[in-house]
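As annotated by Swiss-Prot, active site, nucleophile applies to Ser202, with the evidence given as a curator's inference. If you look up Swiss-Prot, you'll see Asp351, His385 marked as active site, on the strength of a curator's inference. The feature compositional bias 'Basic and acidic residues' is assigned by Swiss-Prot to 491-511. Positions annotated as compositional bias 'Low complexity' by Swiss-Prot: 512-525, 541-562. Taken from Swiss-Prot, the feature compositional bias 'Basic residues' covers 528-540, 563-572. Annotated disulfide bond per Swiss-Prot: Cys117-Cys291, in sequence order, evidence recorded as similarity to another entry. Marked as N-linked glycosylation site by Swiss-Prot: Asn360, Asn525. According to Swiss-Prot, the feature region 'Disordered' maps to 468-572. The signal peptide feature in Swiss-Prot is assigned to 1-23.
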Amino acid sequence: MYSTSLLRWLVVALVSAVPLVTAYGFVPYPQNDAFYYPPDGWQNTERGDILKDRKIQAATLGILKWNLDAWQVLYRTSGARPNTPSYTVTTVLVPYNAKRDHVVTIASPENSNFIQCAPSYAFRHTGVLEIANFEPRWEQMLYTLFLAEGWVVNAPDHEGPESAFSAGRLGGHMMLDSMRALQKYGPLNIPDNAMHIGHGYSGGSTPTGWAASLLERYAPELNVVGWSMGGSMTDPLYTLDSLDGNPTSSLVLAGALGIVDAYRDEVGNYLHDNVLTDEGKIAEKVMRNSCVYEAVIRYFGATFQSERYMKDGRKLSSFPELTHLTDMNTMGRYPQYTPKKPFRMFHALHDEEIAWHQANKTAVEWCNNGANVNFITFSSNDLVHVTTYLWNLPYLVQYMRDRFSNKDFYGGNCQFDVEPNNPLFDTSILGERFKELLEAVLDILGKKIGPKDSIILNMIKSGKNPNKGGVWNDVLKSTTVSPGEGGNKSPESKKATKKYKSESKAEKKQPDSIPSSSSKSSSDNKSAHAKYHAHGHGHGHASSNSNNGHSHSAKESSTSKGSSRRHVARFM
């Protein structure tokens, strides 16, 4: 019903929009937009301070205007390390009759190494049909669900100027500092005690999970009342390895590049100089100049961990400099980084892109260390990566309503639920019109819904489903557990619980330096982090900026006591 009409609409819109390129021109790309460059002295500001601001006309697909107030602010934040100054942009959407003490911060899946793919640019009204960077744009269509509740929506560019895809700690810092920035920005009138909820799906789960993990140490003053994430990439190395040779295998190289870029001042151009072949370097250039769908099409089904792209055909796991970084960005690995606020996680058992059991393992480890988690497994063969997100939206909104109302969340314990059936779209939660919206979005994405979904069946038949190593549908049962009791009866849950019980209660020490065998590639590892240094091409922070950072307490927190609040700091 929707496919034909929507396809026709898109074709007509595309043809109609072509003349607009000449007639009206583009809104500048981020790499050409002065707004994205911080003023002199920005390193000496506090986390969450506003460096620049502007009011914008928000839009979807570049041409569909949103009838609400929207601002963008450039704010001070941190890179992968809390003492490394950085900056990024967030986009704030304020509906009519907004509840300004209800803020939903959403990490849109960017999944790329190119600043042009940032969510902030995807929100701009360009006057031209924009479909190249479709990853954040299709999710933005769903923000209406949160705006209709009267909630303020905050959407930070969580990959930062490095476009550091899959660098969880960096994204976590940037999410938390975006919440601080909203409370400091006068035109928004967000109260200091505003309630915040963080959410992210798929590529957006990485910064969300780490924001939740870092909250108590990095931004304890924020009144966060809950977290939500699904289709979660909690173990970056495992996920990248499992994607290799699959349709979205471009994410293997993009993810590895992103993590290294986040720590460039420590490991330099490690992948480029030590790992990639000449063909691999060509692929790297493509990643640094493409959004996710362009890269996926270009390298559809490629095997990056092969002699064609990596020296000697080695796997990512064979490079200690890289595994050190992925270990640091694996959720649940360090007990001291356990979320303390209510957390809803959901995942399809047969997710064809991000393996269920690594997300489940993280939920178990978090629970064992005192988290308050509800982990929902959807075991139906009909639910895959995208459909699981869309059909869960009504229940996500209900969860957020409950969190803003401070309702009990499993008495502080953990709840592991198994749902064997597809979620029924409850129109009593959102209404019939939103059901139609989700069905339309599904049609745009080309995802089939229904019994014997050909997508998941083909993935299983071809052996390319990342869960082929273990799908434990027959042993999964809903259960309530306390710390130390595990989560469910899957092998991964048992393994995580056994490990928890056998270890001492002493905290694991977080590695603070790269292994001594690491070889930095060139003297430009120390170069200044100037105006998005080769902006949009993945070059990241330089260590010279870290010397300008403020000292931090053991909790890594900074409450910006010395900074002016509720105004824009000017350093022109």
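Cβ atoms here come from the backbone N, Cα and C positions, even for glycine.
Location within the structure of each feature annotated in Swiss-Prot.
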residue	record	DSSP class
Cys117	disulfide bond	helix
Ser202	active site, nucleophile	helix
Cys291	disulfide bond	coil
Asp351	active site	coil
Asn360	N-linked glycosylation site	helix
His385	active site	helix
Restricting to the recorded positions Cys117, Cys291, Asn360, His385, which ones have a CA within 10 Å of the CA of Ser202 (active site, nucleophile)?
His385
Cα-to-Cα gap, Asp351 (active site) vs His385 (active site), nearest whole Å:
5
Under a criterion of Cβ-Cβ distance under 8 Å and sequence separation of at least 6, what residues of the same chain contact His385 (active site)?
Ser202, Gly231, Ala348, Asp351, Glu352, Glu353, Ile354
Determine the minimum-neighbour residue: among Cys117, Cys291, listed as disulfide-bonded residues, which Cβ has the fewest other Cβ atoms within 10 angstroms?
Cys291
Reported as an integer number of Å, what is the Cα distance between Asn360 (N-linked glycosylation site) and Cys291 (disulfide bond)?
29
Relative to the Cβ position of Asn360 (N-linked glycosylation site), how many further Cβ atoms are located within 10 Å?
26
